[in-house]
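Structure, as structure tokens:
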Amino acid sequence: MPAPMMTDWSHAAPAPGVRTFALLGGMEAGVRAMLVSVLPLEIYAVFGDADRVSGIYVVIGLLSLGFGLMVPWLASRLARRWTYTLGVGLYVLGHMAGIVGGAAMPLAVAGAALGTVTCFVCLNAYVLDYIAKSDLGRNESTRMLYSGIAWTVGPLAGVTALELWRPLPFLIAAGLAAVMLASFWVLRLGNGKAIARAAGPAPNPLAYLGRFFAQPRLMVGWTFAVIRSSGWWMFVVYLPIYAVETGLDRRVGGLALSVASGMMFATPLMLRWMQKRSVRRAVRVGFMGAALCYCAATLLAVTGLPWGVVAVLMAGTGFLLLLDVAGGLPFLLAVKPSERTEMAAVYSTFRDVSAIVSPGLAWAVLLVAPLPWLFLAMGALLAGCWGLARRLHPRLGAARGPRRSGQG
């Protein structure tokens with residue numbers, strides 16, 4: 001009978017570890033990186049101004065936010081492995097819309113957003129099931145190391161493919177998505193350890209939102225993730241638009257992201273640096289460094305140095321990468337084991353909220369000021385998180401000894 005065979009096959013698989021999730025994360029990075037610089041350029045080419053582009057991204061962000069909160073409910077109905085499969089299908093539907101182009105471009109962006117949030121919720125739930133809390137930092141840095149090649153090659157490869165033949169980057173991304181899905185099924189992750197809870201009532205999104213708001217540590221960790229993601233969002237979406245508006249080559253955005261992503265290979269060193277200090281210090285250094293770079297970008301833009309803007313924003317991504325290593329830990333370390341799937345869904349909303357906050361902020365700033373002032377506004381938000389990070393426990397993420405020694 002098919003069902004028992006599937007269950008036995010799944011249980012016979014070796015327990016997944018850090019490299020398993022790094023491999024899947026690296027393949028998903030390939031799918032996203034191929035189009036990350038293509039989508040802003042294409043949607044800007046169709047609609048012609050940064051204000052309208054911002055409005056479209058806000059609507060898609062709201063849609064993705066609502067959908068992401070329903071993923072645990074979907075996982076309880078479809079099972080987690082089928083929900084992940086649905087996420088990959090949404091990616092591919094977006095790629096098909098991108099091939100059509102023109103007025104279908106918002107659907108391409110929506111497919112990418114919905115596919116990302118669905119796969120992210122499922123993958124995070126698997127990670128929380130199988131990876132010990134003490135290994136979460138190593139898991140993040142290994143994932144980023146595996147993703148490094150995709151993010152280094154993908155953005156520039158995407159815009160280069162776009163120049164050669166407009167549908168080409170979308171076709172490549174669809175092929176990569178198919179490889180990712182095949183690998184997921186070969187790895188046999190099944191439905192995770194939390195599948196035993198499927199016999200109970202389906203999770204209620206409003207109920208687990210209430211539990212989230214009742215835990216300040218989760219709210220602070222989630223806020224860090226939103227602002228960190230917004231920093232990347234500004235770099236990925238508005239740097240290419242700024243480059244086009246100032247007369248630079250339209251491949252500059254993709255080139256800048258590819259070069260900046262090369263710093264992902266330094267994430268094991270960042271992890272080691274963080275482990276010798278503390279999660280709190282790493283988070284504060286990351287937010288302050290990124291804030292200074294974004295503020296400097298506005299100053300350089302006002303003085304008429306567009307290449308200086310590109311350079312300083314690229315430098316800022318080094319601090320954003322440090323936040324990618326350390327910034328998610330305040331949330332992940334605070335999650336209760338009994339709430340893994342639900343809180344993975346809440347955590348995943350940081351992408352969608354940042355996809356609302358960033359274009360919403362852009363829309364507000366562009367009403368009264370030119371685009372470079374948007375970088376200053378982003379710098380202010382990053383600096384605010386630097387201040388908020390003072391509330392983190394000095395020993396957050398440290399291995400527990402037999403007894404607490406003195407805490408300063």
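Using N, Cα and C of the backbone, Cβ positions are placed for all residues, glycine too.
Here is what TrEMBL says about this protein:
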type	residues	note
TRANSMEM	29-47	transmembrane segment
TRANSMEM	53-75	transmembrane segment
TRANSMEM	82-101	transmembrane segment
TRANSMEM	107-132	transmembrane segment
TRANSMEM	144-162	transmembrane segment
TRANSMEM	168-187	transmembrane segment
TRANSMEM	218-241	transmembrane segment
TRANSMEM	253-271	transmembrane segment
TRANSMEM	283-302	transmembrane segment
TRANSMEM	308-333	transmembrane segment
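In terms of C-beta pairs under 8 Å, the stretch of 53-75, 107-132, 144-162, 168-187, 253-271 lying closest in packing to the transmembrane segment (29-47) is 144-162. Just going by CB pairs under 8 A, the stretch in 82-101, 144-162, 168-187, 283-302 that sits most against the transmembrane segment (253-271) is 144-162. In summary, the transmembrane segment (218-241) does not lie against the transmembrane segment (107-132): fewer than three C-beta pairs, each 6 or more positions apart in sequence, are under 8 Å.
Here the transmembrane segment (144-162) lies next to the transmembrane segment (168-187) in space: the count of CB pairs under 8 Å, restricted to residues six or more apart, reaches at least 3.
Sequence-distant neighbours of the transmembrane segment (107-132) (same chain, 6+ residues past either end, Cβ-Cβ under 8 Å): 15-18, 20-21, 24-25, 28, 31-32, 35, 39, 42-43, 56-57, 60-61, 63-64, 67-68, 71-72, 74-75, 80, 83-84, 86-98, 139, 170, 177, 189, 192-194, 332, 335, 337, 340-341, 344-345, 347-349, 351-352, 355.
Within the chain carrying the transmembrane segment (168-187), a Cβ under 8 angstroms from the stretch's Cβ atoms is held by residues 13, 16, 20, 23-24, 27-28, 30-31, 34-35, 38, 81, 84-85, 88, 91-92, 95-96, 98-99, 108, 115, 157-159, 161-162, all 6 or more beyond its ends.
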